[in-house]
Amino acid sequence: MAAAPPPPPPLLLLLLCVCAVFADVPIGTQPEQVHISYPGVQNSMLVTWSSANKTDSVVEYGLWGGKLFSHSATGNSSIFINEGAEYRVMYIHRVLLTDLRPAASYVYHCGSGAGWSELFFFTALNESVFFSPGFALFGDLGNENPQSLSRLQKETQIGTYDVILHIGDFAYDLYEDNGRIGDEFMKQIQSIAAYVPYMTCPGNHEWAFNFSQYRARFSMPGDTEGLWYSWNVGPAHIISFSTEVYFYYLEYGLDLLFRQYEWLRADLQEANRPENRAERPWIITMGHRPMYCSNDDDDDCTHFQSYVRLGRNDTKPPAPGLEELFYQYGVDLELWAHEHTYERLWPVYDYKVFNGSSEEPYVNPKAPVHIITGSAGCREKHDGFIPKPRDWSAFRSTDYGYTRLQLINNTHLYLEQVSDDQYGKVIDQMTLVKEKHGPDAWR
């Protein structure tokens, strides 16, 4: 009879025990890519995250300094299948937190009994119209060459911002490598977006598969999967919309373009009701592709006949542009990205400058002010400018960077541009003063 084999070494026994203990633990249940957003409902916050496997959707939270998990909320998850060759599956979880105390700070984590995230914190929206919120504004941020990311992370941690506005173009691109590029990007921005509401609009880099990655990964107010929506904060009504409906209509139809236009008109009409405009006098829009720019890349905004600005006459029926609509309803500030540069415009309408005065151009201007802030950093690097700026171009820079915005009160708004190339130096600033809002302000 053969001799019995020698006993396994202690290390192997330990490994076998560990494997046995974890053999039945599900793989891929850990929450990741956590981010929050305003749902457009007072005293609420929406928490979104993903997991590789299906799990329960739970957020445990409590007031900062109080009992850690005194509240619990449950939500739901939806399956998302990446359209790449691998058809990778992920689950997107959404949980709505309600009855939050305005302006109070909360600690939370998300997940389930199969795995919890680390601890995060946020401040509930201050519902007062006298609230003076601070924003970070940028577009065109990728997971490769994200020049502004580290500075935004630090400023988020020290409480500089109440809201982040990401004005289109994420990751470069969310769908690439069967969605893994999107996963990595969402993990990168978690250090910002899990703490401060991360509000978005779609850009041209989200176009693939009918914007499915953008629609699945982000959670914005309304029922259009974040393609267009509006919300209120402090003295402002903020409108997010898609410029891409003017460019991908052959792939996805004209219906979205006309539906969005009619929604925009109805939303602007409602915002301009006297009682609403008195309460929230500032109307701010955010869309990816600008109406105007002085870049040298032959983009839509470099042409007088910009599709976003004037519409398209090559469609049936013709598609209306947005400049006249925004002017008609007295939009104060229009935020754009797409160009990998920063450009501040003089108050402009119909390609003409309408400064408040030669000495104080941004005091009671007679047209909307446009800001292009698409230089946060991505693999496509910088864009360039034409040598001689247009008459409506007030300041421009090719530095990597982002924009800070402070809504001071009903009449004053402050904006500044931060250069990453110059180690956080403020390279441009503007105070917009509006003693009168609405279309009557243009007269």
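Here the Cβ of each residue, glycine as well, is placed from N, Cα and C on the backbone.
If you look up Swiss-Prot, you'll see D140, D169, Y172, H340 marked as Fe cation binding site. Remark: Y172 (Fe cation binding site) has G142, N143, E144, I181, H205, C378, R379, E380 as non-local neighbours, by Cβ distance under 8 Å and separation of at least 6 in sequence.
For D169, N204, H288, H338, the entry in Swiss-Prot reads Zn(2+) binding site, with the evidence type similarity to another entry. Around N204 (Zn(2+) binding site), taking its Cβ as the centre, 17 other Cβ atoms fall within 10 Å, counting all chains.
Its Cβ taken as reference, N53 (N-linked glycosylation site) is surrounded by 14 other Cβ atoms within 10 Å in the chains shown. Look at N53 (N-linked glycosylation site): DSSP puts it in coil. Look at Swiss-Prot and you will find N53 (among others) tagged as N-linked glycosylation site.
Here Swiss-Prot flags N76 (among others) as N-linked glycosylation site. Long-range Cβ contacts of N76 (N-linked glycosylation site) within its own chain (separation 6+, distance under 8 Å): S57, H93, R94.
What Swiss-Prot records for N126 (among others) is N-linked glycosylation site, and it gives sequence analysis as the kind of evidence. Counting every protein chain shown, 16 other Cβ atoms lie within 10 Å of the Cβ of N126 (N-linked glycosylation site). N126 (N-linked glycosylation site) falls within neither a helix nor a strand when secondary structure is assigned with DSSP, and so counts as coil.
Cβ-based neighbour count (10 Å, all protein chains) for N210 (N-linked glycosylation site) stands at 15. Annotation note: N210 (N-linked glycosylation site) sits in a helical segment as assigned by DSSP. Taken from Swiss-Prot, the feature N-linked glycosylation site applies to N210 (among others), supported by sequence analysis.
Proximity of N313 (N-linked glycosylation site) to non-local residues of its own chain (separation of 6 or more, Cβ distance below 8 Å) is seen for none. Feature annotation from Swiss-Prot assigns N-linked glycosylation site to N313 (among others).
The N-linked glycosylation site annotation in Swiss-Prot covers N355 (among others). The Cβ neighbour count for N355 (N-linked glycosylation site), using a 10 Å radius over every protein chain in view, is 19. Secondary structure at N355 (N-linked glycosylation site), as computed by DSSP, is coil.
If you look up Swiss-Prot, you'll see N409 (among others) marked as N-linked glycosylation site, on the strength of sequence analysis. When other Cβ atoms within 10 Å of the Cβ of N409 (N-linked glycosylation site) are tallied across all protein chains shown, the result is 14. When secondary structure is read from DSSP and collapsed to three states, N409 (N-linked glycosylation site) falls in the coil class.
Marked as signal peptide by Swiss-Prot on the basis of sequence analysis: 1-23.
Highlighted in sequence order, G139, L141, G142, G203, H205, A337, H338, G374, A376, C378, E380 have their Cβ within 8 Å of the centre of the Cβ atoms of D140, D169, Y172, H340, the residues recorded for Fe cation, and are not part of that set.
The Zn(2+) site is defined by D169, N204, H288, H338, and by the 8 Å test on Cβ atoms against their centroid, the other residues of the chain that qualify are G139, D140, I167, G168, P202, G203, H205, T243, E244, R289, A337, G374. Secondary structure from DSSP puts N204 (Zn(2+) binding site) in a helix.
Cα to Cα, N409 (N-linked glycosylation site) and N204 (Zn(2+) binding site) are separated by 34 Å. Non-local contacts of H340 (Fe cation binding site) by the CB criterion (under 8 A, 6+ apart in sequence, same chain) comprise D140, G374, S375, C378, E380, K381, H382, D383. Considering other CB atoms within 10 Å as the measure, the emptiest surroundings among the binding-site residues H288, H338 are those of H288.
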